[in-house]
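Per TrEMBL, the feature domain 'P-type ATPase N-terminal' maps to A:22-88. As annotated by TrEMBL, ATP binding site applies to A:D405, A:K406, A:T407, A:E505, A:F546, A:K569, A:R603, A:T683, A:G684, A:D685, A:R782, A:K788, A:N811, A:D812. What TrEMBL lists as Mg(2+) binding site is A:D405, A:T407, A:D808, A:D812. As annotated by TrEMBL, domain 'P-type ATPase C-terminal' applies to A:834-1087. The region 'Disordered' annotation in TrEMBL covers A:1162-1184.
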Amino acid sequence: MVSELHRAALCRKDALEEERRVRANDREYNDKFQYASNCIMTSKYNIITFLPVNLFEQFQEVANTYFLFLLILQLIPQISSLSWFTTIVPLALVLSITAVKDATDDYFRHNSDNQVNNRQSQVLIRGSLQNEKWMNVRVGDIIKLENNQFVAADLLLLSSSEPHGLCYIETAELDGSENTPHLSIKSELRQSVSVTSELGDQNNLASFNGEVVCEPPNNKLDRFCGTLYWRDKKYTLTNQNMLLRGCVLRNTEACYGLVIFAGPDTKLMQNSGRTKFKRTSIDRLMNTLVLWIFGFLVCMGVILAVGNAVWEREVGSLFQSYLPWDPPVDNFLFSAFLSFWSYVIILNTVVPISLYVSVEVIRLGHSYFINWDQQMFCSQCNTAAEARTTTLNEELGQVEYIFSDKTGTLTQNIMSFNKCSINRQTYGNIHFTHLFVLGERLDFTPFNPLADPDFCFYDDTLLESVKVGDSHTHEFFRLLSLCHTVMSEEKSEGELIYKAQSPDEGALVTAARNFGFVFRSRTPGTITTTEMGRPVTYTLLAILDFNNIRKRMSVIVRNPEGRIRLYCKGADTVLLERLNPCNQELMNITSDHLNEYASDGLRTLALAYRDLSEDDWEMWSESHRCADKATNCREDRLAATYEAIEQDMMLLGATAIEDKLQEGVPETIAVLSLANIKIWVLTGDKQETAVNIGYSCKMLTDDMTEVFIISGHTVQSVRQELRSVHLPLQLSGVSNYGAVAHISGEFAIVINGHSLAHALEADMETEFVLTACACKAVICCRVTPLQKAQVVELIKKHKKAVTLAIGDGANDVSMIKSAHIGVGISGQEGIQAVLASDYSFSQFRFLQRLLLVHGRWSYLRMCRFLCYFFYKNFAFTMVHFWFGFFCGFSAQTVYDQYFITLYNIVYTSLPVLAMGIFDQDVPDQRSLEYPKLYEPGQLNLLFNKREFFICIAQGIYTSVVLFFVPCAVLSDATQSTGVPLADYQTFAVTTATALVIVVSVQIALDTGFWTVINHVFVWGSLGCYFAIMIALHSQTLFRIFPNQFHFVGSAQSTLLQPVVWLTIALATAICIVPVLAFRFLKVDLKPQLSDTVRKVTQTQCLLDGRLGARGGSRRSGYAFAHQEGFGELITSGKNMRLSSLALANFASRHSSNWIDTLRRKKHNHTHTPPNASGDLGAPQPYKL
Amino acid sequence: MVKEVKELVNRPDNTAYTQQRLPAWQPMLSAGIVIPGFVSIGLVFIGIGVALFVTSQSIQVLEIDYTGVEQSSPCFKCSDQTGKKCDCVMNFDIDSLFKGPVFFYYGLSNYFQNQRKYSVSIDYNQLTGDLDYFTNPDDACFPFQNDRNKPIVPCGAIANSMFNDTFQLFQLVNGQKKEVPLDGKGIAWWTDYNTKYRNPSVTPLRNAFNGTVKPPSWPQAAYELDTEDTSNNGFINQDFLVWMRTAALPDFRKLYRRITEGDYASGLPAGNYSLEIVYNYPVLSFDGRKKVVFSNVSWMGGKNEFLGIAYLVIGSLCVLMSIVMLIVYAKFKFPEED
């Protein structure tokens, strides 16, 4: 991917573009700049360049270069202890496997490039529309897009069929090279510069000759700055005027755009590149070990070279009558030097070339298993899980920290009106089970033609209560239909669309709508509703807006009868304090209900009203006007006036909204935390919302000893708050934060974004990590995307643990990229998170399967694979070392050279690959039932330096046995014909056969899951060994190449000897029996959980009662995802300008004034730190 | 309908393979298998070990070092000479019948036939009788490739260093020397004799060697190796074949002759014997040793005590191990079996 970008850079002219000038409809002018054409090329090679470029790339790998170096060494006759083909055959094999993989990848890229490049688009050329292929579109062309068409390049929107030059786009398929269809995710609105929007038809556009000067191509998807010069005027261009390649035009008949960036310059292509290459810890360990092995290799070489020097001096020099020294090698020191290199050649198989390629093959296999897993396929959104990175699989088995986004990841971002309490009566108490719902879903249509058909409610007593005209119930829903800041859009009679600023409000207003109190429309001064089929218009006197401190909002309305009433909804904690004392009894019952809702994890609001007399209103109105006009402390004064009137209210009831969790979230979290994985929720949401979700997904429980909330605004206060947490946690101090001892009870910590900013500072971060890691649950709220990444980096830095970040939106990209493993939730919000991720699937609950099943297996398989791989190569290679002591350290090999060539790639490769791909210690269901099985991965128990040394030791032990047993037996043995067996070739065949049998028996022991494939590979490899050996030792081959196959007859002659087989059996027994005994005793004395689980196939579920119900408690379930500032906008009427387009467009078009308003407010708060700025902490406006 | 088709596209295949549910055998190292397994392996090994040991005990071996290091040795006089022909006689007694067929080996110690440069110093093409390689021996033969610009045939260090002591064995019966007939046929590998080494199809054989020279250490050319049996000459000379099959270890023995004929077909009777040695081959310079070995064989070849003992030891250890495992197992049973 990096090289793609690199190439893309090369395609462009050498000089960096400083600014871009584009003149519409002027190809000659634009051609001067040689802008990139709209032809994209993500492929790397063509037929001619494939071989050289691919080989060049492959030889940039250190391992490949090393083997090339060995090959060169082997071509030096004095050194060459092995034929050149022992290296070139494996090297060629490895290179060709990689080349085939690269070629296949590139073939698909070519295909997708072709498909994309050949899409048709309509280009305005000389006043007429012509069909052109995408690749022929040039910068400066004006192209016409029709509804549902893909945007061909980055366009400046000139005009559209919609009023005001508006058009809607959808940012689906943000990656042209992906074949997977992604659901439409995010709709956005774009508007053309007002002056061009009047151009209208193509004749005007054909004569349009404006010139755009803008920034050079870059990868910032959300930013564009440029200027349009036309008819001697300047117009500023922003991202709002741009249509980016990869988006789809929606709900817009047609639009025209000017091509600004084409092909590789488009933001989409500039973004298509994985900048960070992730490596797994096993990778790093493996590299370290390979370096150690190199060191070991050099040591062996030196030992043997010294031996050679001694031998040549003491023996070789005297043996010269039979073997004279070569004239160039006339002294023992030089001979030793050459011998060193010769030994480097024959001992190089301790680091086999096939290691890396085998690891890649195994990981690829695991990735396919993830892609193929039906249990990670979501049928609702028709998306299968996808391993976008194939190199990280085993790290999935080692995750210790999960950082999760909230909205879209844990929750569906759907609010549903679930329960309510009206006048001592609670409604909606329906017990849900997984499979069916007790009770019928209510059908509102006969009762109310304006009802929203998607609304679900199951308790018909509430509907009955409305029908019989219970006044409390009516007032309750009237409040819900009036007290809000929702905008409505009525496309045709009765077809209402609510544009709510927060989904909570939407849910409440929709609930009121279905129960017969339909909010129809509003103006700055009125609200029109239909109450039980009767249209009513209220005069909106004031909106007492919501904010985080007030935690409530009120409206003051005058009904048609002229009565003035204040309706208030807000957090129970603030609202219940402001009630008329006569409500005491009702309040007690209602707050019981509220507690009940809160313990169900529902978001609650309490509702109240107050009747105002005309005088009250006049008086208050006056004071309000005063406060409103005040120049200093306007906020405080307003708050004071609000406070004054929101008193003495009458309680109406309470609502409970369910922030719908994704399916299976609490269960998944419970299972993951049983697996000792710590889950941190990092969300941009407000503290209450986050805490609420913490409860509803069972991260926080009422059983917890304490939930600490850290929300200090200054360094000191944050430090103090952190310190205060230490006491109950009994942390002994910052210095030894590694050992957190004896935490009695469960703790959780909730930290705010602005406090987090301080906690992440260098002097406090260790303290923060110490505290946070001692807690069972950590929730960070109001965090910015950057802080999300910082938190991940912090844990990576301090805990040396594997981190996984999961999220769905653009604000999670930074965290996904910085975590060891990034997981994107696909099909929800945007595609950026998926594009940045390593794994993607569509449901949070698949995470448990990904980690506990796939990750665990991958880790297990990879570890077993590595252990065995190092073992078999040490067993194979070290025999040469021992033989060195008996052959004058002359780098004579023990085996036939063909055996050396084929050992790693034919005789022993497939069984271990099969084990690495298919092995299972316990079935997938068991790994989910016993989450503790995940722990060995986190503790890195299965493959670490210790395990490595054990493998090496076993390998060396095996090599000792394999050399000395045949040595001892064969030195005196003879055939039954009296011919001695101690000749070199018999010895070579015996040792090689014993080796193949021993390592085959060992893999048979290591394989815990014998599928057909394992059987075929293990028996096949053994069969292959004998077949190939007999073929290579056959007379036919010898007659053709006498020089190459001089082992003629050895196989037959050797393998017919009973002594040889007795030797092999003996060696095998000596190698395997201790291993077998050791393993048996280990399973018996110190059984791992996996052994137990494997053994006990039928047992009760070990899951403890953590999933069980929690006791009730008194806490507020208040949470409301709402921003302040809307009331003011409504009463000012600013947002009514384009009422037909309603609020969806609101945020984007008015974001500037809206945010300005917010900022003004924030800055008036003197104690607000600058890093708690509303624009980063408030995700809602950006999600629109 | 469309939706269904679409779903088929994305839904992963539901096969045992893709869902990792292939039927599989999942062996466990359970006590029920391992302990009886160890016992049976142990018993089998002990059985084999006893058989091997007993067989090995019945095999007679007689080794005589004739290097002549000690002054008392009859061959001492020959040991300081290099290259010059020297005869010596070693006398020995056999107490009881040395059961036949008896094999007669010569052995060398501290002799590195497995040295890499030594063992590659050979031209396999030449030795298949390919005349092209008679004139142009392979570079691997260097420095025994050419001698004064004439190609050496057979070239290379292995051929050049061919063992050339010869032996005659006599039984001393009443002061009379009675020659024990030695059979030198079929002492090499069948494939060596029939495939790997071929004489060029030139008759007489010596013509093939025109323009070549014999290896420098050889007293006579390859076509004159056996003066008695002309078919045993050239590259298919049995002694040559035996020598060319290089040894794996620096102490080795090679088959010299079989004693299978005449009065000695059933073995060497007890008595006094005299071994007449033509001592040509110098080994003392590199502290080598030369010996002759008489041995008979069983079904499993020559005397091999190591194998039997090793089997006995491993077998006993297996049985011992199984007892230990049984104790451990009884004491610390698998937790779930409680």
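The backbone N, Cα and C atoms fix where each Cβ goes, glycine too.
The CA atom of A:D808 (Mg(2+) binding site) is located 23 Å away from the CA atom of A:R603 (ATP binding site). For the pair formed by A:G684 (ATP binding site) and A:D812 (Mg(2+) binding site), distance between Cα atoms is given as 10 Å, rounded to the nearest Å.
According to DSSP, the secondary structure content of the domain 'P-type ATPase N-terminal' (A:22-88) in residues is 31 helix, 2 strand, 34 coil.
Secondary structure at A:G684 (ATP binding site), taken from DSSP and collapsed to helix, strand or coil, is coil. Largest Cα-to-Cα span within the ATP-binding set A:D405, A:K406, A:T407, A:E505, A:F546, A:K569, A:R603, A:T683, A:G684, A:D685, A:R782, A:K788, A:N811, A:D812: 33 Å. Taking the C-alpha positions, the distance from A:R603 (ATP binding site) to A:D812 (Mg(2+) binding site) comes to 25 Å. On the backbone, the CA of A:R782 (ATP binding site) and the CA of A:D812 (Mg(2+) binding site) stand 13 Å apart.
For the domain 'P-type ATPase N-terminal' (A:22-88), the model's average pLDDT works out to 83.
Rounded to a whole number, the C-alpha distance linking A:D812 (Mg(2+) binding site) with A:T407 (ATP binding site) is 11 angstrom. Classification of A:R603 (ATP binding site) by DSSP places it within a strand. Of all the Cβ atoms in the protein chains shown, 25 others lie within 10 Å of the Cβ of A:R782 (ATP binding site). In the three-state DSSP scheme, A:N811 (ATP binding site) falls into the helix class. A simple way to gauge crowding: the CB of A:F546 (ATP binding site) has 25 other CB atoms within 10 angstroms, across all the protein chains here. The most crowded of the binding-site residues listed here (A:D405, A:D808, A:D812) is A:D812, judged by how many other CB atoms sit within 10 Å of its own CB. There are 26 other Cβ atoms within 10 Å of the Cβ belonging to A:N811 (ATP binding site). A:R782 (ATP binding site) carries neither a helix nor a strand DSSP state and counts as coil.
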